[in-house]
């Protein structure tokens, strides 16, 4: 196979992450695979000086320019690593047609909290082994500085949210196999990926084992530690145990090899416990000198609290040095009672753990031959953890999986990175179903675009729970459902639909970003949700962008707030503030600037667009529907209101006015209200009247359509509706209507159809409403003539055929394919 290996850290003759990267590279190549390793540029000199020759290895050294690298010291290695991963994504993407890897394998950093974006290149991706999910009981953190305690708490929080992290989830989802160093790390991954996960070690030792026989111990006990000086290494516990040992008059030496920021804390503890005579501090040593220390000491103390591997542990074992460790992290995987000593920390206090370590060390001074016996077992055990066997265990799984993949797919067609599905146009519709309101916007616009652009391939990106089976019946329209996993989706109830919408937009943005090559040259059309105060983010991508239909710019008199509940009045005030804040929102201006077309669903929204972008603005309503209109010369005496009973729909005010009208006029007209919502309580007192009927909803859509077909008048009292799907549906049946002069209603009223009234009249003078009702309900000919005008206007302007002609001009933008 041609393996593209991602190894941020990769250096020969080093331990920890650099050693992991280097040894995996060498062993994969020695298995006969062609390895293209991408690593940091600052590793180049060390690798070249090492002079390792292997024809199967090709290097790509990548780093940012020196002018940018200096910020690493400011932002820290973890944030720089994230930037580096983004950088290599574009570096590899640009050269993918040259590199032609069969698989991509991420190896370092070995951490479940880190990202690798190479999985989005469309090549089979293998992730890990990954560590970092290991933890320790909180009691073992006793006495640590506050900053280290906070680091540990933050680490646990970050681990706990991995399952809910959409980026991590997407990376796991794009991985063929996920390898973890321990089952603890595996437990933090979403359950839906359990079938992909294999827990195997990431580390190993060289095949060169210096087998020297240790004699039974005599004299003082010689203890060794090698590693970084950081809080998670648990040296503070060791110091307390050694203090107890010294208090019992035991002669010992403790050699510490390493460096790190925690040394100052340890030196202070050494002085406080009077251990200066027993402890010897050494900086980093060359590998050969380190081996001498392994040979000359009696045991190795590996006191790490949550180390995912522990290369020094394996190095000690391979040099015949028994290890004393906790049953935590990687130590619990490698160490056992035959080759060392395991201290069980479960359900124990800090002092109990310290005492057990001290007692174990004390027993070694009494059982003089135990160290020699365990040393011999270390040599025997270490052969099972060579680098060759470590890589073999993982690559046996990878090779079998890739072989299985080849047998199922034609590599020439499905694994070739040059083969991509070309789309001409991408529709983004959060809501998209054959119904009213926002879902209807997405549905009918998508359907119309597919009809107009019948020679193009169109991709509809929507939520997974949307039923788009009927709209994608078009041979040129394909759908892609994107959502958070169902386990995480429950947060939508807590966050609310608006916040979740922004999360969803970000998920779609990431999908498009990581598939730029696949969608190159496309036109993106964002349909729903599209209030103009929800700034888009898709214009940041290198695509032509159509924005809209936009709503949300509709105005209404503030006097109406007095008719609302206090909570709803506050919401409306907040909406007004948010609406007007677009003029200080740079994303709004950038969205306007980058858009090829800005489609507005109402005149009010169109007026909100800054004057220097007016040339891009087009006015078009939000809903398309089939042509089904006719003039009903014998309608039933029914007046219809069909909408949700919420604050800004103002249904309760019209019901109150109608109730007063029928109280003073002898009429057999009935008001049928269809809808439900929190403002039901405001219309409930009037429902007992024989002339006012309420339905929460109809079980069958056909029942609602029958009511519309046979009604005399439709009423829409919305304060700021940008679309009014139910009104358009009523018009499509030739139904006369009475509507407030606001929002999308003005588009219909300006065509000379319907009966409109000013908002001021509606709220302040119900007599005007009553006079309109008296006029049109007492002269049947007025409604019949109005129905004829509605039918004629619908055919000329609102019919599917008429709209398609107009929308064709709106979206007629050539793609670059």
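One is the number of the first residue shown, and numbering goes on along the chain from there.
Including glycine, each Cβ sits where the backbone N, Cα and C put it.
Just so you know, TrEMBL annotations never went through curation; they're auto-generated.
Summarising the annotation, TrEMBL assigns transmembrane segment to 69-90 (among others).
Taken from TrEMBL, the feature domain 'Glycosyl transferase family 1' applies to 211-357 (among others).
Annotation source TrEMBL lists transmembrane segment at 499-517 (among others).
The transmembrane segment annotation in TrEMBL covers 537-561 (among others). The list of residues near the transmembrane segment (537-561) in space but at least 6 beyond its ends in sequence, with Cβ under 8 angstroms from a Cβ of it, reads 426, 428, 441, 445, 505-506, 508-509, 512-513, 516, 519, 522-527, 530-531, 569, 572-573, 579, 587, 590-592, 594-602, 604-608, 620-622, 648, 650, 719-723, 742-744, 759-760, 763-764, 810-811, 813, 815.
Positions annotated as domain 'Glycosyl transferase family 1' by TrEMBL: 631-773 (among others). Mean predicted confidence for the domain 'Glycosyl transferase family 1' (631-773): the pLDDT average there is 78.
Here the domain 'Glycosyl transferase family 1' (211-357) is broken down by DSSP into helix, strand and coil counts: 56 helix, 28 strand, 63 coil.
Within the domain 'Glycosyl transferase family 1' (631-773), the DSSP-based counts of helix, strand and coil residues read 61 helix, 25 strand, 57 coil.
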